[in-house]
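Novice: If you scroll down you'll find the structure; I have some questions about it.
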Amino acid sequence: MAEGKTESPGPKKCGPYISSVTSQSVNVVIRGVVLFFIGVFLALVLNLLQIQRNVTLFPPDVVTSIFSSAWWVPPCCGTASAVIGLLYPCIDRHLGEPHKFKREWSSVMRCVAVFVGINHASAKVDFDNSFQFSLTLAALSVGLWWTFDRSRSGFGLGVGIAFLATVVTQLLVYNGVYQYTSPDFLYVRSWLPCIFFAGGITMGNIGRQLAMYECKVIPEKSHQE
């Protein structure tokens, strides 16, 4: 009997965590929820640090809720984190350039730790020259991108996120929602875009890592005799 080989799609092979959900739309929703809560947690921790160091000042009647932060800050940051985390892998697929650099959770956790460190430095380190301090944080933020991302799409999205977030923050401060002590870049601090850039890269890495756990059909070879 002649022996021939045919390929037929086998069962879907899924990774752990949210990949067990076969519906792509449900998968996206679950990833969005996970990213939202990660963003809320980081916002609570980092915003509390900024308030304790008197970097950001809210009106006395506003700072009365959880962790002494304005109630709207964590949900807004969580929503932004979900959008950013879902946007990064979507742009990668659209460009046909899947991101494969350091795709493991240990690298993602190190990226989060570096981002928290950069934010911590912005609140606690005192420089005589604010411009020099901004350049230092800019170098650290670009270093974070180079260490954990290195993609052109990631850098471009990070710059766009930093610009948009800085404009929104300027508008909020201008309308008296809150304020920064010693503003040196219109109404905000000059290092703020660096924080937004690093935050965009960090949430993008988390979103890309979560996207890796979508179900994929793995072809399985079968032999017929």
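Glycine is no exception: its Cβ is also placed from the backbone N, Cα and C atoms.
From TrEMBL, for reference:
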TRANSMEM  28-49  transmembrane segment
TRANSMEM  69-88  transmembrane segment
TRANSMEM  131-148  transmembrane segment
TRANSMEM  155-174  transmembrane segment
TRANSMEM  186-206  transmembrane segment
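Show me how these features fit into the structure around them.
Specialist: Residues 101-102, 107-108, 110-111, 114-115, 118, 121-122, 125, 154-155, 158, 190-191, 194-195, 197-198, 201-202, 205 of the same chain lie 6+ residues outside the transmembrane segment (131-148) yet bring a C-beta within less than 8 angstroms of a C-beta in it.
Counting only same-chain residues 6+ beyond the ends of the transmembrane segment (155-174), those with a CB under 8 A from a CB of the stretch are 80, 84, 87-88, 91, 145, 149, 180, 183, 186-188, 192-194, 196-201, 204.
Tertiary proximity for the transmembrane segment (186-206) is limited to same-chain residues at least six positions away from its ends with a CB under 8 Å from its CB atoms, namely 35, 38-39, 42, 55, 81, 84-85, 87-88, 107-108, 111-112, 114-115, 118-119, 122, 130-131, 133-134, 137-138, 140-141, 144-145, 148-149, 154, 157-159, 161-163, 165-166, 169-170, 173-174, 179-180.
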